[in-house]
Structures are given as structure tokens and as C-alpha cells.
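As given in TrEMBL:
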TRANSMEM  C:17-38  transmembrane segment
TRANSMEM  C:58-78  transmembrane segment
TRANSMEM  C:99-120  transmembrane segment
TRANSMEM  C:140-158  transmembrane segment
TRANSMEM  C:187-206  transmembrane segment
TRANSMEM  C:226-252  transmembrane segment
TRANSMEM  C:264-283  transmembrane segment
Amino acid sequence: MLNLEGVHAYYGYIHALKGVSLKVEEGSIVTLLGANGAGKTTILKVISGVLKASSGSVTFLDHDISKLAPEKVVSEGIVQAPEGRQIFPELTVIENLQVGAYTRRDKKNIKSSYQIVFDYFPILKERQDQLAGTLSGGEQQMLAIGRALMAKPKVLLLDEPSLGLAPLIVKDIFKIIQEINAQGTTVFLVEQNANQALAISDYAYVLETGKITVEGKASEIKEDPKVLQAYLGGH
Amino acid sequence: MNLLKNKAVQYTILAFVVALIPLLLDINRSTLTLWNMVIIYAIIAIGFNILLGYAGQISLGHAAFMGLGAYIAANLTGNLELPFLLSLVLSGLIPMVIGLILGLVALRLEGHYLAIATLGFGVAIQQVFKEWTAFTNGFSGVRADNPVIFGLEISEREHYFILGMIILLLLVLFAHYLLKSKTGRALLAMRDSEHAAQAMGVSLFKYKLIAFAASAFYAGIAGGLFMHLIRFTEPNAWGITLSLNLLAMVVIGGLATIGGSIIGAGFIVMVPEFIKDIEFLASIKSFATIFTGFAMIFVIMFFPHGIARIGTQIKIALLNRRNSRVDKGKGGAPNGRSKG
Amino acid sequence: MVAFLQNIIAGLETGSLYALAALGLVLIFRTSGVINFAQGEMAMFSSFIALTLFQHNMPYPVAFIGAILFAVALGYIVERVFIRPASKANLVSKMIITLGLIMIFSGLATAIFGTDSYFFRKAITADNLNAGGVIIQPNALFIIAITLLIMGILFYIIKKTMVGIAIRATAQNEKTAKLMGISVSKIYSMSWIIATVLGAIAGVLIAPTTNISTAMMMDVHLKSFIAAVLGGFGSFIGPVFGGFSIGVFDNLVGYYISLKWKTVIVYGLLILILIFKPTGLFGKSYRKKV
Ligand SMILES: Nc1ncnc2c1ncn2[C@@H]1O[C@H](COP(=O)(O)OP(=O)(O)OP(=O)(O)O)[C@@H](O)[C@H]1O
Ligand SMILES: [Mg+2]
């Protein structure tokens, strides 16, 4: 469904991605693991069109999306819940969700999307008229995911949704990600929390300083001694 | 020969050579008036550059300091009959004190708020010029005599030019040594990041005040020299138009360079003159203003270091391009996009 | 008392125009992080368009609408040609660009329209009303009403519509706004267009008082800065409050203290506010992330 082929990307002179190829199959959950600074967020930026690949291709449903502006990528059906949540602090919860639906053409069905989001995250319904900046970290993460869902994405990109959250909340969030996926949304998950991410994923990639070094079924990666040592050992 | 590599020596030699040109060539009085104006604008531009180029503090009210200098010079030599040189020094020092006060205000403000505050300051002072008739004689304006130095009256433009050049040289040298010292580095650090500068132990208090005081002093001196050159002034001369022209001089000539300030002053004075000679352009009223506005925008967009450093900038761009080709080989061009 | 009320009304009349112009400033500032120092000159230009149409025997409403249409184009072009290419530049460079625009527009206006000052009619020319000795010009009421109406519409848009939410989202976090599918560049264009139109309306409405000339917007423009500072750049309602307050204050100072020193006092006030309450009286600390 979503394909990257030999993608290179730069920040000025910093060569952040050095020929990344990966595939996200329709209906699956794919996890991208990697240490800090490996380039995980950079991959998401390239997919979303915020950073242009200097070479290589990015295709979605068999057409090239590498030249599209970020807002066009959203219209294609690829939506991010970005690193650090990045909710709009001075908009209310409901307004944040509205922004998520900005590109929707089917205005009539938006109402039902609120309902879907509130079903996943009931707390957001309670807080709907509160300024988003006053939410707790976990609630903000839920809002970020909910906001992305409002766009009715075909592929949901999640950048470290578990970062900085208490273990219990992390567990919840991973469960909901699984549910979202079960309802038909493809998920591309960037994580450092390898154990839990792999537990819900179908396939996984490991990124090291801009290169994919390991890939395979999530269940196999979990057993891979190299990965075990690097990403699972400490936990 | 090493001496010639010394910037200060270069400045001095250059100043003396240029100062003598009008004595050697036969140049008419109105052209010499323009040359004198270049000197005067160069002085205020150098001061303004210390403020904007080095310290990164914007001011849209510096015309007020120059006006103040002019009125002070007129009053001190006229009403109080102080000697010219003493009066000139005072016409720098008094604005400097007010500059210090503005600097105190600037301590609490940054960026656009400072711009707005200084804009308001400029308008308010200009209004004072209009209303405080005892000091300024309102719209009727004030007059001043030719300067007299140790009994010698300077009535010829050639001589005024030499006088101006000497003062310019002194102020250039002062700025040169000031900016080469620890102060210069502190100002630049403050410009690049106030937080980082503070973390390095730079006292924002001290250096903002220095920058404002110095720029106001230079502006006041320029005003004093202007007063005795043109020998008449009235409030309309000291408004936002002059403040914008001042900004244009420094931006076009080159932020954070002394030479650039002088080039910028030449640009502002000479462009209208060149336009006068081109019939088509001369027929467009205020073409010089339009052109200056475009030039300022063009320079800040494409040559943010100004005319004075265009050469260097192009050289660096070429070098970078070559280097980037070398160290990437097959990777394709980096697309300079980075957040920030 | 009569004199006092008279001053209040006069203050509200001009104050409403300061408020309009201040809203324009704040709108642009919050979306694109630029202070448009050239807004006054741009408004002056639009007013000259109204004048030109009027001189060519167009009815007043046509002249008014013509100025607004011109402002739409002007705002769009300025953003596209001068502001957007510099979107990555630092704050001072952006300010310098809008300051350069002052020179360009005032120069162009002189070149095209000359330095004379022209009479321009009021929107409403009916006879004055007398309310217990207080003389009220119908035109003043019209100005106050129309600016309140415009502001009402604007607030509705900003608060309630998708576009308004997108504008606020962009103001808060441009990168994420893009990730959510908002075409940030459209939002920029739109805020420049709206702001330029607000300025133009203020220009056409102040014209009967100031006459139309290259210097006509000096006062409104500078006061709109004070209004924005007073109300704070952090909210949209603040500048409106600031505009009305400064209009009334200005008139009262002129009447009760000194007409001559009014300007100095008002700008002194500006500097005092900046020193003691730089976030404005509405107090919300707000800084656009650049
Ligand atoms: N805007 C930028 N400008 C310059 N370099 C950048 C920029 N953003 C990221 N980088 C660099 O690119 C590399 C990859 O960064 P990236 O943010 O993709 O890492 P990451 O894998 O997401 O790390 P983390 O787990 O910490 O989020 C890092 O070396 C980083 O320093
Ligand atoms: Mg990251």
C-alpha cells in the first residue's frame, strides 16, 4: 500500500536517510524501531511531504506521492499523529478534532467520526470544550491520535505515541491502536518501546543511522538476537 | 609594510586622501554639499549599524536623535554662543543620555515591540520639535552660522569637507576599536541569541545600553554637523522618512560593517542625483524613494550582508557548492530545507 | 457633560477605525509572524483608488467596493511577492521588508497621485442629530455601526468556521497545521487579504476627516499600533478594545489636557504600556513561534 524505495534525505548537509526501503501492507500494523536520532521521524516527514526525498521513491496505492505538498498527502489518506503530540494548545479539544477533519469532503459524515473518536477515547468527550493545552500528557496523546483519525485516514502514522506516558496508559493506547487497525485502518508505528510495539505488529523494521538493518515478521524480530540485545534487552 | 595591513592605518590614509580631493579638483559647491552629506549620513549610519548590525536592536526613531543634535548645535552656538567644537560634542552627548533612556526601555522589549516603541518615540520627539518653539522655533525653523574653530570661520565647502572627514575618521576609528574589542564580540553574541549570550555571561543590560548610547551619540554628532552645513532646520526633516532612509543605508550598505555604513550613506545621497540625470526616471516623482525601498528589500532577501560583502558572499556560495558536490557524490543535491 | 459625551462619541468614531486597522495588524502577525509596518501606506493606496473611481463619476458605494477589491489584490500580491519568499528569514529581516514596502508604496502613491490632498465625501451626509446638546453625526454612527458589524463577522469567522479554526491552528503551530492538511500558504494569503481590506475600509472611512493624501493614514496607522499593543497581540478581541480606548483617550487628552501635547502624551503612554505590560492589558502572554 505504502512503499519507500531507496529514499535519501538531507537536512542541509546532514545525510539523515541513506537509502531506506520499506513497505506497509494494507490492513497491517508495521513498526519501525530505532534508537534516538536514527531517522525515524525523518522517514515520517518524507512520507508526509514535509521533507522532500533527494532521491528514491515514495508511492502510495501505486502512485508517486513524493512530490506532493503535505496537505495533499493528507487528502490522499495518509495522516500523522506527530512526535511530541503537537496538539493546538489554544484550541479546544473539539476544535482540535475539527482541524483533523479539515480535508474531508464528506462534511455530513464528520459527526459520526466524532462519535468514533469518542468511543475510542471517552475522556475526550468529557473534555471537549476545554483548551487542549490544559490536558494531561496521556490525554494529549489521545487527542493527537483522535485528531488524525478525524481525517478518516487509510494509513495512520504514529510517531512514538508511548513517549513519556505511564505504563498503564501506554497499554491502553496500544490496545486502542490495535482496535483502530481492526476497524480497517493501516498503521505505521514508530516506536522505541519495542516489546509492546512488536506485540501488536505484523511486521517490523529496525533503522540504524539512516539505514534499515533488520526487517521481518514482528514475531520473528522479537526473537532476533541482535534486536533482543539492542532494543529489548534493557527492559 | 605591515603597518599598511592595519585597518586603522588604512582608514586614516584613505580619509586623508579623500579629504584632499576637493582641494585638488575643481568641484562645484552643490556637489560638495552632497559629499558633505555623505559624510554626515555615514556618521549616523555607523552608529546605527552598531545598534542594528552588531547588537541586533532595531530602532525606527533614530531620526529624532539626529534632529536633537541639530537643534542643540543651533541653540548652543546661537543663543549660548558656545564654541563650535564644544557645542558639537554636546550635540552628541545630550542625545546619548536620551539614548541611554531608550536603551533602558529596550531592555524590556524585543523584536517587533522594540520597533513599535522606537517608532512611537520618534513620532513623539518630532512632535516635541514642532511644539517646543522656545527650543526649535517650530515650523519657522532655526538657523546656524558657519562653524568657527579657533577663530577660523569655515565657510567653504572644501574646508567643511575636511572637517567632516576628520570627525568621520575619529568616529570610524572609535567604532573600529570598540567593535574589535570584547564589546564587539559581546554585541554579536547578543544579536545572535540573547539567551545564549546571557548564559555566556554577557550582561544584556550593559551592552544594550552601550549600543543605544553609541548610536544616539553618532546620530547627535551627525545632526550637529548637518546643522552647520545646511544652516537651517525645521521639524519635518526629522521624521520617519529619515529613519527609514537610515535603515536603508545600513541594510543596503551592509549590516555589521563599518565600510558598509559608508557605502550605504553614499547610496542614499547619490541615487537621487543619478536619477536626476536620467530624464525618464526623473519624470517619475519620488522614484528615488521607490527605488530605495526595492533595493532594501532586494538586498535583505538575497544579499543579507549588503553591498559591502556581496563579493564574499558569492565566493562562499561558490565554494559551498563545490564542497557539497565533493562530499556527496551520488546522493543528489541536498535540498537545503531545514527547520528553523 | 455635553463636551465630555461629545468627545466620547468622537473617540468611538475614530477608535473604531483604529480597531479595524489593529485587527489587520494582529491577524497578519498571528498567522505569519510579521508586523506589517506598511499597512497604513497600503490603506492609503486603496483610498486613492476609491477617490479615483469617485472622481470618474462612480457612485460612492462603487468607489468603496472598488477600493476593497483593490485591497484584495494588493494584499494577495504583497504576501506572494514580498513576504512568502522571506518566510524563513528572521524577524528583523521580515520587519525590514515591510518597512521597505512603506517606501515603495508612499513613493508610488506620490508618483501616481501626486502630493496634493483631496476632499472625499462621507458615507452618510444626512443632517446632524442633536441629543440633548450632544451633536451626533449620522456618519459617525454609521462608521461605528459598520465597524462593529465587520468585526462581528470577522469574529464569527474566526471563532466558528473551519477557516477560522484553521487560521488559529496555523497561528499556533504552522508545521502541525500542514500535517493536518491545512494549506498554510492559503491561510497566509487569506490573512493578508483580510487585513489589507480592513485597512482599506479604515482608510476610506477616515478620508472625510483627513482628506485623501499620501500622509492620510499616518495617524490611524500609528494609533493602530498603540491599539494592538494596548490590547495585546495575543488575542483578537484585545486590539478592538485597544482601538476604542485609544480613540476615546486621545480625544479626552486633547480636550482636557492639551491639544498641542496630545501626541506626545499618547506615545508616552504607548511606551509605558510596552515597558510595564508588554503583553497588553489583556495580559495573555503570547509569542508566535517563528
Ligand atoms: N531539522 C533538522 N535539522 C538538522 N538535522 C536534523 C533535523 N531534524 C533531525 N535532524 C537530524 O537527523 C537525524 C535523524 O533525526 P530524526 O528526528 O529522524 O531521529 P529519530 O529517529 O526520530 O529520533 P528520536 O527517537 O529521538 O525521535 C538526527 O541525527 C538529527 O539530529
Ligand atoms: Mg523522532
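Any Cβ shown, glycine's included, is placed from N, Cα and C.
Since we're looking at a predicted model, the values are computed, not measured.
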Would you kindly list the residues that approach the transmembrane segment (C:17-38) from elsewhere in its chain, counting only those six or more residues past its ends and only Cβ-Cβ distances under 8 Å?
78-79, 83, 87, 91, 94-95, 97-99, 101-102, 104-105, 143, 147, 150-151, 154, 167-168, 170-171, 187-188, 191-192, 194-196, 198-199, 201-202, 205-206, 220-221, 223-228, 231, 233, 236, 238-244, 246-247, 288, 290
Chain residues in Cβ proximity to the transmembrane segment (C:264-283) (below 8 Å; excluding those fewer than six residues from its ends, i.e. six or more beyond):
223, 225-226, 228-235, 237-238, 241-242, 246, 249-250, 253, 257-258
If you count every Cβ pair below 8 Å, which range out of C:58-78, C:99-120, C:140-158, C:226-252 shares the most with the transmembrane segment (C:187-206)?
C:58-78
Give the nonlocal contacts of the transmembrane segment (C:58-78) in its own chain as ranges (CB under 8 Å, at least six residues past its ends).
38, 42-43, 45-47, 49-51, 101, 121, 123, 189, 192-197, 199-201, 203-204
